[in-house]
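Below is one structure, written out as structure tokens; comments come after it.
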Amino acid sequence: MVQPLGEHNIKLFSLNSNRDIAEKIADSAGIPLGKLSSRQFSDGEIQINIEESVRGVDVYIIQSTSYPVNNHLWELLIMIDACKRASANTITAVIPYFGYARQDRTASPREPITAKLVANMLVKAGVDRVLTLDLHASQIQGFFDIPVDNLLTEPLFAAYYMEKGLCGEDVVIVSPKNSGIKRARNIAEFLNAPIAIIDYAQDDSERSEGYIIGDVAGKKAILVDDILNSGRTFSQASKIVQEGGATEIYAVASHGLFAGTATQLLDEAPIKEILVTDSVASKEQHPKNIAFLTASDLIADAIHRIQEHQPLSPLFKFTSPEKEN
């Protein structure tokens, strides 16, 4: 638990996307969650009533914009507007999982950049700051004209695997796609482990075949990604790594969505353990080998530092569990 903030002029509120992590954040920060009611009418409209004063208060609204994405996004926007009209001093949106982050560029002609649209909507609604966890694309921070603090999960994951003894030359950190190389490299450096990359090339029939850049033979492989959605990336990568001679295979992702047939795919994959944070309260069935790592203490620490005008940079550093003892 971080230093309690109970005596400060601050209030935390949870909306409906992920009440569990909000309660953990509040407990870690030493602040009870504020009282509000949020209901949806039969036509889909959302109504929010804040049941205590927020005048002159620094308000933190905890809401992941996960499935159903649009309902949770609109609930957040309406809550921001309610706090603004109720004369809150500052409004910070705490968004553990930032939906629409994968739509961060125009990949094909006439496509929108929806992540930028969401940023515009949040700012227009009246938010003063955004605190989020492991954005799909870090450049999304530049879509905002307000402060955006993007906390990283790599130190959390590194500490977890270090405690399990998964470190050093006997382990290899694998990026299952080119876009995740930086994330995999960071964890590899924390664990003093080598890195490997799975790349894809098309054969004469235009079928994509995966191949490994690096050495996984005789090593315990940890597949690293930011969003676990359909499960196809980990499922395919684990089979490629197994064929490459890995002795054990683990997988880790910051956000576990588990959409569609993800659970079935992952249950059939040769993965010993799948680790995700609690950034998303998924109602889907989870794989049998799932493990959860809470990000609540990290987020609570960030809230404390923001409130006390302290730097957040120490939160991006990895401290070995051995050094803490």
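For all residues, glycine too, the Cβ spot is worked out from N, Cα and C.
Those TrEMBL annotations? Automatic predictions, nothing curated.
Sequence annotations record features per position, and here TrEMBL assigns domain 'Ribose-phosphate pyrophosphokinase N-terminal' to 10-126.
The ATP binding site feature in TrEMBL is assigned to Asp43, Gly44, Glu45, Arg102, Gln103. Secondary structure at Arg102 (ATP binding site), as computed by DSSP, is coil.
DSSP assigns His136 (Mg(2+) binding site) to coil in the three-state reduction, placing it in neither a helix nor a strand. Around the Cβ of His136 (Mg(2+) binding site), a 10 Å sphere holds 19 further Cβ atoms from the protein chains shown. Summarising the annotation, TrEMBL assigns Mg(2+) binding site to His136.
For Gly231 (D-ribose 5-phosphate binding site), the same-chain residues 6+ apart in sequence whose C-beta sits under 8 angstroms from its C-beta are Phe258, Thr261, Ala262, Thr263, Leu265, Leu266, Ala269. The annotation D-ribose 5-phosphate binding site is assigned in TrEMBL to Asp225, Asn229, Ser230, Gly231, Arg232, Thr233.
Under DSSP, Asp225 (D-ribose 5-phosphate binding site) is assigned to a strand (E or B) in the three-state scheme. Ranking the binding-site residues Asp43, Glu45, Asp225 by C-beta neighbours within 10 Å puts Asp225 at the top. Neighbours of Ser230 (D-ribose 5-phosphate binding site), defined as other CB atoms within 10 A of its CB across all chains, total 16. The binding-site residues listed here (His136, Asp225, Asn229, Ser230, Arg232) include His136 as those with a Cα within 10 A of the Cα of Arg102 (ATP binding site).
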